[in-house]
Structures are given as C-alpha cells and as structure tokens.
Amino acid sequence: MSRIALFASGSGSNFQVIAEAIQRGDISADIAILVCDQPDAYVIKRAEQLQIPVFSFRAKDYSSKVEFETKIVDKLREAGVDFIFLAGYMRLIGETLLRAYGGKIVNIHPSLLPAFPGKDAIGQAFNARVKITGVTVHFVDEGMDTGPIIDQESVRVAEDETRESLQEKIQKIEHTLYPRVIKNLLTKAVVEGTKK
Ligand code: GAR
C-alpha cells in the first residue's frame with residue numbers, strides 16, 4: 001500500500017476529500033503525514049480529527065528554504081512516504097524536495113495551465129473574462145506550475161458568474177478530479193512496481 005504525504009496551506013477541502021476517498025477504500029493508500037506551512041490553517045484541525053500525523057512549520061523560523069525542506073524530507077523519510085500530493089500548498093517546491101522526491105510530487109492548480117499560473121488563478125481567469133477555465137493536475141518541476149500535465153477538466157464561465165460562484169464550480173471539479181487522478185497514479189505505480 002502506498003504511503004502518501006499531503007501538503008497544504010489553507011482550508012484543506014481537497015485534503016478532506018482525498019482522506020475520505022481513502023477511508024471509503026476508493027484509493028488504496030495511507031496518508032502518512034500532512035505537511036503544512038501555516039500552523040493556524042484549518043487543514044490541521046481536519047487532520048487531527050482524522051488522526052493523521054501533522055508536521056507544521058513557519059518558514060520564517062528557518063534561515064532558508066533548503067533548511068526547512070531538509071527538515072520536511074527527514075519527516076517524510078521517517079514516515080516512509082512514497083508520493084507527495086500538493087493540495088493548496090502555496091509555496092514553490094525547492095531543490096531539496098525535488099532531489100529527494102523528483103517525479104513523485106503532484107500538484108492541483110485551479111486553472112487550465114499553462115494559462116494563469118501562480119497565485120489567485122481563479123481571480124486571474126475571472127478578471128481576464130475567459131469563457132472557459134478549469135483545473136489542472138500536474139507533476140511538479142522547478143518552475144511555477146510548469147511541470148508535465150497529467151489531467152485537466154474544464155468549466156464554462158457563465159454570463160452572470162461571480163468570482164465566488166466560479167470558485168465553487170472549480171472546487172467541485174477539484175474534489176472529483178484529484179482523488180481520481182491520485183487513484184490512477186497509485187494504481188499505475190503499483191502495477192509498474194515503481195512505488196518507491
Ligand atoms: C485549491 O483550489 C487548489 O487548486 C489551490 O488552492 C486551493 C486549496 O483549497 N492551489 C493553488 O492555487 C496552487 N497554486 P483547499 O485548501 O480547500 O483544498
């Protein structure tokens with residue numbers, strides 16, 4: 001069974017649906033650890049309720065990204081993590097994590113990449129008045145939302161759409177797309193024997 005780490009910075013609705021899919025037996029994996037860079041984030045409460053171990057930290061308590069990512073890698077190795085899924089983790093992954101887990105880090109981003117990378121992708125798409133936007137799941141490389149795309153799903157922006165209603169639509173898509181992609185990736189990794 002794969003051991004996965006989820007990384008998050010905020011509310012953790014994606015974390016929640018992934019944890020529930022695992023509990024239901026839809027995804028064959030254990031969430032070995034939640035890594036969170038915002039010790040006050042609601043996602044930590046969700047993890048505690050589900051009795052999932054948490055490593056939370058504040059970047060400003062470390063002298064560099066190398067230093068806090070080295071600590072994260074130690075925690076991941078201790079927990080026997082095979083794959084990392086970013087679920088609203090609002091930091092660029094650095095060389096230390098990429099060296100340790102390159103090719104095994106996946107992110108979900110709320111736009112049809114390569115359109116609207118970076119922060120507030122939903123707001124960027126809304127302000128650009130695009131008619132179609134969506135969600136992308138991709139492997140993480142050293143760039144900002146630039147890694148190879150695994151899957152995407154689109155959504156139409158209605159005439160009377162608001163920023164909030166668009167966010168709701170996008171999150172609804174995320175909550176089915178991400179668990180499905182995770183399930184497929186982990187199944188493929190087990191079949192190919194590349195779990196680690
Ligand atoms: C999600 O919409 C995710 O796509 C986005 O953060 C949100 C987290 O929501 N991620 C990014 O923008 C990454 N660049 P959640 O905390 O409710 O899962």
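Numbers here mean position along the shown chain, with the first residue as 1.
Glycine residues also receive a Cβ, built from the backbone N, Cα and C atoms like all the rest.
Automatic prediction, not curation, is the source of TrEMBL annotations.
Under a cutoff of 8 A between CB atoms, and with a sequence separation of 6+ in the same chain, the neighbours of HIS109 (active site, proton donor) are PRO117, ALA121, VAL135, THR136, VAL137, HIS138, ASP145. The active site, proton donor feature in TrEMBL is assigned to HIS109.
The DSSP secondary structure for GLY12 (N(1)-(5-phospho-beta-D-ribosyl)glycinamide binding site) is coil. Residues or ranges marked as N(1)-(5-phospho-beta-D-ribosyl)glycinamide binding site by TrEMBL: GLY12, SER13, ASN14.
Listed in sequence order, the residues of the same chain lying 6 or more apart from ASN107 ((6R)-10-formyltetrahydrofolate binding site) and placing their CB within less than 8 Å of its CB are PHE85, LEU86, TYR89, VAL137, HIS138, PHE139, VAL140, ASP145, GLY147. Among the features that TrEMBL reports, (6R)-10-formyltetrahydrofolate binding site is placed at LYS65, MET90, ARG91, LEU92, ILE93, ASN107.
Computed over the domain 'Formyl transferase N-terminal' (3-182), the whole-number mean pLDDT of the model equals 98. Annotation source TrEMBL lists domain 'Formyl transferase N-terminal' at 3-182.
The Cβ of ASP145 (site 'Raises pKa of active site His') has 19 neighbouring Cβ atoms from other residues within 10 Å, across all protein chains displayed. Sequence annotations record features per position, and here TrEMBL assigns site 'Raises pKa of active site His' to ASP145.
A Cα-Cα distance of 19 Å separates ASN14 (N(1)-(5-phospho-beta-D-ribosyl)glycinamide binding site) from ILE93 ((6R)-10-formyltetrahydrofolate binding site). Of the listed binding-site residues, namely MET90, ILE93, the sparsest CB environment within 10 A is found at MET90. Ligand 1 lies under 6 Å from the Cβ of the following binding-site residues, listed in sequence order from GLY12, ASN14, LYS65, ARG91: GLY12, ASN14. Cβ neighbour count for SER13 (N(1)-(5-phospho-beta-D-ribosyl)glycinamide binding site) (all protein chains, 10 Å cutoff from its Cβ): 17.
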